[in-house]
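Feature annotations, courtesy of TrEMBL:
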type    : residues                                               : note
BINDING : 60-64, 137-143, Asp166, Ala267, Gly338, His388, Asp455 : (6S)-NADPHX binding site
BINDING : Asn61, Asp133, Thr169                                  : K(+) binding site
BINDING : Lys425, Gly426, Ala427, Pro428, Thr429, Gly454         : AMP binding site
DOMAIN  : 10-222                                                 : domain 'YjeF N-terminal'
DOMAIN  : 232-514                                                : domain 'YjeF C-terminal'
Amino acid sequence: MIPLFSSKDVREADNFAINILQMPSIVLMENAARSIYEAIIENFSENEFYNVGIICGKGNNGGDGFTLARHFLINEFDVTIISLANENELKGDALTNFIITKKLIDSYPNSKMIIYQSIDSLALLSDCDLIVDAILGTGSKGSLSNELQSIVNYLNKLEAYKISVDIPTGLNVETATGETIYKADLTVTLSEFKTGLFYGKGYSHCGKIVKGSIGIGDLYYETIQTNDYLIEPEDAFYGLPEKNISAHKYSNGKVLVVAGSGKYVGAACLTANAVLRSGAGACFLAFPKSIKNIALEKLESPVLIAYEDQTKEFVNLENYDELKEKIDWADSIAIGPGLGRENGTIQFIHKLLEENKNKKIVIDADALFAINKCYKNFDLSNKILTPHHKEFADLISISIDELENNLLNIGRTFSVENNCYLVLKGAPTIIFNPMGEVFINSSGNVGMAKFGTGDVLTGVIASFVAQSKEIENSLISAVYLHSLAADLLIPKKTEYGIIPQNIIEEFPNAIKFLVDSFV
Ligand SMILES: NC(=O)C1=CN([C@@H]2O[C@H](COP(=O)(O)OP(=O)(O)OC[C@H]3O[C@@H](n4cnc5c(N)ncnc54)[C@H](OP(=O)(O)O)[C@@H]3O)[C@@H](O)[C@H]2O)[C@@H](O)CC1
Ligand SMILES: Nc1ncnc2c1ncn2[C@@H]1O[C@H](COP(=O)(O)OP(=O)(O)O)[C@@H](O)[C@H]1O
Ligand SMILES: [K+]
């Protein structure tokens with residue numbers, strides 16, 4: 001698990017280096033620039049670029065840019081530097097490095113440094129095949145000035161590899177938000193990973209994220225408490241439910257899926273099929289009797305229990321007693337996909353939650369709708385809610401914008417206050433636990449943005465939590481493997497051709513891939 005930090009933590013680490021270790025700040029800048037240079041060279045193969053454009057802001061992020069320019073110059077690249085500040089506006093280490101680079105560049109006839117005058121100055125970058133944004137870093141405040149917005153929009157349109165120094169300009173790394181944001185292919189973030197690079201607008205604007213060193217190592221950060229983590233493959237491996245060699249089918253995870261209705265049959269079958277393909281010993285799908293034959297055709301091997309629906313084609317409060325034995329039997333229950341929103345269905349869901357306070361229940365789709373606005377009436381401990389952003393915003397009665405402007409805080413508060421697990425689906429999916437910790441899964445691909453992939457995830461989660469006593473590790477493993485299965489499908493199916501059933505079929509290969517990597 002990779003710990004993630006706030007930009008405040010990172011700025012304090014800079015202060016620690018300067019004030020406690022007594023490292024001259026210019027040494028930190030030099031280290032930063034050298035490691036950015038090395039990261040760029042490592043990430044782009046030789047001959048991919050010759051002309052480097054670097055645009056430098058007025059603070060130390062710009063200082064990193066001037067320093068980086070020197071490394072490119074001495075390694076024989078042609079460099080065009082555009083400084084947004086003139087010499088009088090710069091100070092400290094940024095000014096020192098501006099002066100050094102300005103003197104040095106005279107010896108390189110194909111390289112130049114200019115002071116930005118207007119948007120036309122950026123035309124100089126048109127021949128560059130690699131562009132570095134060293135405009136704003138951790139000192140960024142509020143929204144971008146109009147001038148910076150025009151600059152970032154201009155840069156985003158250029159055909160070139162795009163690099164960001166520390167943080168893409170325009171990204172508020174505390175909230176992962178921003179309006180106009182530089183869109184990078186590679187972000188070399190300094191000192192430590194900041195949480196906001198990995199979700200929201202950070203996820204969509206950083207490209208690949210690597211760490212650049214300022215030369216103080218990791219020791220300082222071991223003393224800093226964080227609640228945010230990025231999931232690594234080995235976390236998914238260690239979260240896999242253990243298989244006891246003497247297990248029999250009923251000791252190997254028993255799952256009840258309550259899903260599907262006359263309107264939506266497919267969702268229920270995807271969830272139930274996913275349960276067994278992810279290792280549960282037994283799975284029952286509770287389904288309306290009057291349409292059970294349609295489901296039977298789509299089920300791989302879960303057992304169907306047909307409840308009496310009086311040809312209404314959905315589950316009703318009256319079905320509760322009929323299903324009670326299986327509810328008690330199950331180690332976990334998945335409820336929601338394709339259930340529909342009839343009053344009787346909502347009452348059934350309420351009763352299930354009221355009567356099963358300690359049961360592990362995965363609440364998804366229509367079951368989330370059933371507790372919209374009234375979720376506080378239920379004891380949600382041991383419950384796992386799996387909404388996408390719209391479902392979560394509806395659940396807690398806010399708009400999607402309000403949610404996405406403060407995503408981590410809202411998710412965290414919700415899970416802590418309701419003592420539940422929240423799997424907030426999206427790109428990326430974020431898991432929140434009742435202790436206020438956050439686990440970000442950045443694997444997966446856009447081919448998953450398709451009806452039914454969420455139903456598969458619900459099945460995998462119900463299966464893993466039924467097989468294990470550890471909810472948190474099971475969730476980490478289930479979410480990661482669901483995305484890994486989709487990633488493994490890319491070479492065969494492309495991002496266009498993946499369907500949810502493929503993810504179910506690929507799931508055992510995803511487990512095998514993990515096991516082969518770590519055993
Ligand atoms: N500290 C260290 O030891 C090390 C630091 N390092 C590097 O320094 C970076 C932090 O540097 P920093 O603190 O100078 O801030 P930085 O990101 O350059 O921005 C400040 C400038 O931006 C301006 N500005 C702000 N918001 C704006 C807006 N919305 N729209 C427009 N302008 C805006 C602001 O203007 P002002 O508000 O002051 O008028 C000021 O001029 C860090 O990310 C890393 O790259 C490394 O070298 C390692 C060692
Ligand atoms: N661009 C993307 N990158 C990675 N994962 C994605 C992307 N789009 C969707 N997903 C994943 O696909 C699944 C979609 O689930 P959901 O929104 O519930 O759809 P449905 O209910 O239609 O199945 C979630 O696991 C989500 O994280
Ligand atoms: K930047």
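Cβ coordinates are placed from backbone N, Cα and C, and glycine is handled just like the others.
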Requested in this report: Within the same chain, and leaving aside Asn61, Asp133, Thr169, name every residue whose CB is within 8 angstroms of the centroid of the CB atoms belonging to the recorded K(+) site, in sequence order.
Outcome: Ile55, Gly57, Gly62, Gly65, Ala134, Ile135, Leu136, Gly137, Ser164, Val165, Asp166, Ile167, Pro168, Tyr182
Report task. Please report how many Å separate the Cα atom of Lys425 (AMP binding site) from that of Asn61 (K(+) binding site), as a whole number. Result -> 34
Query raised in the report: If H, G and I count as helix, E and B as strand, and all else as coil, what does DSSP give for Gly63 ((6S)-NADPHX binding site)?
Result: helix
Query raised in the report: From Gly63, His388, Lys425, Ala427, Thr429, Gly454, which binding-site residues have a C-beta atom under 6 Å away from some atom of ligand 2?
Result: His388, Lys425, Ala427, Thr429, Gly454
Query - Shortest C-alpha distance to Thr169 (K(+) binding site) - which of the binding-site residues His388, Gly426, Pro428 - result: Pro428
Report summary line: Filtered by Cβ distance under 6 Å to ligand 1, the binding-site residues His388, Lys425, Gly426, Gly454 reduce to none
Report task. Mind running the binding-site residues Asn60, Gly63, Lys141, Gly426, Ala427, Pro428 against ligand 3 and keeping the ones whose CB falls under 6 Å of it? Result -> none
**Report entry** Top Cα neighbour of Gly63 ((6S)-NADPHX binding site) in the set of binding-site residues Asp133, Gly426, Pro428, Thr429, Gly454
**Finding:** Asp133
